[in-house]
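Structure first, commentary second.
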Amino acid sequence: MTTIGVLGLQGAFREHVRSVEATGAKALVVKKKEQLEDIDGLIIPGGESTTMRRLIDKYDFLEPIRQFGKQGKPLFGTCAGLILLASEIDGSYDVHLGLMDIKVRRNAFGRQRESFEADLDIKGIADGFNAVFIRAPYIEGVGEDTEVLATYDGHIVAAQQDHYLACSFHPELTDDHRLTSHFVEMVDQSKKSLAF
Ligand code: GLN
C-alpha cells in the first residue's frame, strides 16, 4: 500500500494526516530521517518556515529530504512547505531544500489580509476549491518546467514541476480533499515507475 509521510516537526501536520487518510491512503508522521525509507511521498506542512528549517537542521533532515526528492519520490509543500521547497526566496539569501524551480515571496498578501478564504480553479484538479490562506506566500516566478496550476488576484498560488507539488494555501483544513488526492495519485504513479 502507498504510504504518504507528513513531516511532523512543526505546523499543521495532524490535519494533513487526516486529509491523506480521507483519500484512503495510509499516512505516517515522519519525525526521524530513518522514516523516509518507509514512505513513498512526503508532505511538508504549513507552519513557520524559519522554525521548521531550524528543526530540519536539528534533526539532520535537510540532505535526506533532498535525496528523497532527487530519487524521484514526490514532495508536496503547502504554505511554509512551499517556501522550504523553493529555489529562491525574495529578499533573502536563504534557500532551504531548493528542489523546485520557483521564486517565492513570504507573507505576500500583506497585513490586512493575514488570513482569508478564496474559491480557486486548480487546473485539471478541482474547480471551486475552497482555499484557506494564512500569512501565505505566493509564487513570483516559475522555471520553464514548472506548470502554474492556480492563481489568485493575479498571483501564482499553486504549481507543479514533475514530482514536486506546491501551494500557498492550506488544503488540509477543509473537507475538500481533491488536491491531496492528486498528490496521492502522483505518489502512486511514481511508485509504479520507480519499481521498474
Ligand atoms: N508565513 C509563514 C512562513 O513564512 C508561512 C505561513 C503558513 O505556513 N501558514 O513560513
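Cβ coordinates are placed from backbone N, Cα and C, and glycine is handled just like the others.
Nobody curates TrEMBL annotations by hand; they come from automatic prediction.
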Co-listed L-glutamine-binding residue [TrEMBL; alongside Gly47, Glu48, Ser49, Ile134, Arg135] among Arg66, Arg106: Arg106
Pairwise Cα distance for Arg106 (L-glutamine binding site)/His170 (active site, charge relay system) [Å, integer]: 15
I'd like to know which of the recorded positions Arg106, His170 has the most other Cβ atoms within 10 Å of its Cβ. His170
In the same chain, outside Gly47, Glu48, Ser49, Arg106, Ile134, Arg135, whose C-beta lies within 8 angstroms of the Cβ mean position for the L-glutamine site? Gly11, Gly46, Cys79, Ala80, Ile83, Asn107, Ala136, Pro137
